Amino acid sequence: MADLSRFIAGLPKAELHLHIEGSLEPELMFALAGRNGLTIPFTSADAVRAAYQFSNLQDFLDIYYQGAAVLVTERDFHDLTVAYFDRAAADGVKHAEIMFDPQTHTARGIAFDTVMRGLLSGMADAKARHGITSCLIMSFLRHLSEEDAFATLEQSRPWLSHITAVGLDSSEVGNPPSRFARVFAAARELGLKLCAHAGEEGPPDYVREALDLLAIDRLDHGNRSLEDPVLTARLAGAGMTLTVCPLSNLKLRVVHAMADHPIDRMLREGLRATVNSDDPAYFGGYVADNYVAVAEARGLGRQELATLARNSFLGSFLPDEAVAAHLARIDAYVAEAA
């Protein structure tokens, strides 16, 4: 499997489902807490990792929001972003579409501008040092109200030229996409792309709502769509991209074992599935680790892995000419590795 791991690390890929706050490694969490004079409810980085045992999405979110509290200054957001991209570069990532949760920070009194300046400077660093392109997806927290989401959209107006899409994340069950139909329509009017988490813990009906009421361009997770053959066929027919996160699915018990993961079934059903890391600091692996995990557990070969990488660019918000260039690089890489 060492040869396959090397193949995966070198395989050009995009990451489409990455919460930047979820890339906060315990060591950086402690460093930022110290820099900002904050106390966190853990005694060491090892203690933080020991707490990363989740039985569901909410268990994870409770710790996730505690960790995000150490992000205070523009420099903090810059350092967080740089740390992610340094790791992504080693994993063969050539383009990343970064999700961020402004409400998590503005609720603590952190200015929207502070978050944006830090993220953008980190993204510029990644482009200069690694050649990685990137864009931002502003995610609304679905456990909050649509009015709160509208307020966040209003705060984002001065920065809209730097934001490519809006998303919907946080606690899925009990917070259907239909609650956010108006704010998604407003975002579309502003020229933003739309994506939403649906069908992770929530039922297939949530995926239908995301399609019909939010008019999403991309589906985040979407695993439970497979429970409904009609919905699965609809997604395949529409060429809808699914941003699947295998290690996250395992850690949050969406699947009980990686051997049960449906990634190859998704491909067989004609779904444009992609592999992503979600919240890598919390779920035990970055994007290449996710590729390796499903390759080992599901017996994926190089052609299937290359299909997943191609899908990551086909499902991105990059211009067509950039997508074509990345696909050509994948083809050249696979041919050379043969």
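Here the Cβ of each residue, glycine as well, is placed from N, Cα and C on the backbone.
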Listed in TrEMBL for the Zn(2+) site shared with His17, His19, His197, one of Asp113, Asp278, Asp289: Asp278
Greatest C-beta neighbour count within 10 angstroms, which of the recorded positions Glu200, Asp278, Asp279: Asp278
Cβ-centroid neighbours of Zn(2+) site His17, His19, His197, Asp278, 8 Å, sequence order: Leu18, Gly22, Met99, Asp169, Asp220, His221, Thr243, Cys245, Ser248, Asn276, Asp279
Assigned conformation of Asp278 (Zn(2+) binding site) - DSSP reduced to three states: strand
Of the recorded positions listed as His17, His19, Glu200, the one whose CA lies nearest the CA of Asp279 (substrate binding site): His19
